[in-house]
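What Swiss-Prot says about this one:
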- G111, T112, N113, G114, K115, S116, T117: ATP binding site (BINDING)
- 260-306: domain 'RPE3 insert' (DOMAIN)
Amino acid sequence: MNSHTKQKIGVFGLGKTGISVYEELQNKYDVIVYDDLKANRDIFEELYSKTAIAALSDSRWQNLDTIVLSPGIPLTHEIVNIAKSFNIPITSDIDLLFAKSKNLKFIAITGTNGKSTTTALISHILNSSGLDYPVAGNIGVSALQAKASKDGYVLELSSFQLDLVKTFTAKIAVLLNITPDHLDRHQDMTCYIAAKSKIFDRMDQESYAVINIDNDYCREVFIKLQQEQRIKLIPFSVAQILENGISVVDDKISANFCDDISFELQHNSESFRQDEFQGEPAEPECIKIREHRQDLQNSLVSSFMHYAVPFNKNLQGVHNCENIAASYAVAKIIGVEPKKILESISSFQSLPHRMQYIGSINNISFYNDSKATNAISAVQSIKALDNIYWLAGGIPKEGGIEEIKPYFSHIKKAYFYGQAKEIFANTAKNIVDFVICDNLEQAFDLAYKDAVGDNAEIKNILLAPSCSSYDQFKNFEERGELFIKLCSILSLRGLITGSS
């Protein structure tokens with residue numbers, strides 16, 4: 001968009017993204033807005049101007065230069081049909097940020113699970129090294145609300161956001177994993193994979209694609225990009241030691257990066273130093289990776305650099321090993337020394353509601369994984385722990401908890417609540433001991449009482465609902481906050497100690 005011309009812009013969707021777009025554009029363009037939800041329109045009217053609100057029946061929507069669409073709006077919506085009928089280009093807040101920050105470097109992360117943790121971890125590593133890479137996107141900070149940066153941005157991008165980008169081009173793009181999700185929006189897996197793959201659009205030989213080749217769908221994307229030969233490819237794995245790439249296997253990070261793969265950036269932060277790490281760091285306590293493929297390669301290429309994975313309660317489990325592998329790869333491409341990467345992994349504080357360690361009492365540890373809104377996501381935290389008192393429930397997703405059945409051996413007892421309680425109970429019947437509860441509070445209380453009576457050395461109370469939250473909560477955040485509050489009550493009684 002040309003800021004020298006008073007163009008006419010439509011902003012459709014008035015959630016966090018739409019509001020940030022309006023604030024960015026209102027003084028530069030003639031802007032009209034709309035949202036299907038009256039509550040959002042009412043909030044906008046209170047904050048800004050009623051005159052900017054225009055229903056889709058208003059002819060002004062047919063005479064716009066551009067429409068900025070929020071990612072929550074499906075491409076089957078009437079507004080998209082209007083845009084097509086009147087040849088109005090559709091753009092997004094991601095493209096707007098890119099347009100005004102083209103001199104900066106963009107690191108983009110997508111995947112079905114693990115996006116937020118990886119986005120935050122990469123930002124933490126880079127910022128701890130003296131760089132300036134704030135997070136934005138699907139992580140809770142909309143693109144246009146991100147703080148100004150000197151070096152670049154780390155963006156979490158959902159499939160909905162990727163469907164909308166037209167000009168955004170990442171310098172480094174990460175594909176963590178792909179499992180069936182959002183098929184109500186994307187119709188089928190082919191469309192879903194195509195949406196995820198858009199993160200690599202417009203990238204070239206000066207760009208890097210970091211891809212998890214353990215995942216079948218991701219490996220297909222990797223092979224396709226390999227055939228195209230237009231992007232530098234960095235594979236990563238937690239199942240095998242790669243001859244060229246990043247692996248996190250047997251408590252070790254193994255990196256085989258040739259000298260010519262280093263990423264040449266113009267760093268604006270004066271405190272950044274690309275020192276070569278000399279020697280292998282002391283071996284800290286390591287994350288235990290329980291599962292590897294039988295065909296695991298035991299031999300290391302002589303040129304590998306390999307380091308112990310620093311133990312961090314907030315980064316447990318195979319899924320977090322994937323997040324660590326991807327983050328290490330990105331930081332290595334940028335030029336951060338291995339010692340600094342490992343220190344940053346060790347000091348990383350997890351995002352709320354994502355396998356968040358709350359604290360412990362008498363060998364009972366409390367973990368909040370409220371973000372685990374489906375079984376595939378919950379599997380990751382369940383695999384990471386043993387002797388689990390599992391809190392699960394809400395509005396069930398298709399397939400229920402069938403994906404978790406192979407890992408029921410990790411669960412000591414389950415506490416089911418919400419709309420899913422009977423469905424989950426039928427799946428667990430005769431396999432796992434369980435209790436049906438009215439709500440999360442009751443489930444928490446019963447789990448705590450049972451864990452106190454357990455003489456085992458290690459006990460874990462885990463909230464991994466495997467469901468959406470809308471039957472009893474506004475969102476997964478509110479659900480997770482209640483779990484934290486229940487833990488805090490124990491803390492006030494002097495029971496829980498040492499959350500980190």
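Backbone N, Cα and C atoms are what each Cβ position is placed from, and that goes for glycine too.
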Check: same-chain CB within 8 A of ATP site center, minus G111, T112, N113, G114, K115, S116, T117: I109, T118, L176, N177, N323
T117 (ATP binding site), number of other Cβ atoms within 10 Å: 28
Segment confidence, the domain 'RPE3 insert' (260-306), expressed as mean pLDDT: 37
Local Cβ density at G114 (ATP binding site) - other Cβ atoms counted within 10 Å: 25
Per DSSP, three-state class assigned to G114 (ATP binding site): coil
Same-chain residues at least 6 apart in sequence whose Cβ lies under 8 Å from S116 (ATP binding site): N138, I139, G140, E156, L351, R354, K371
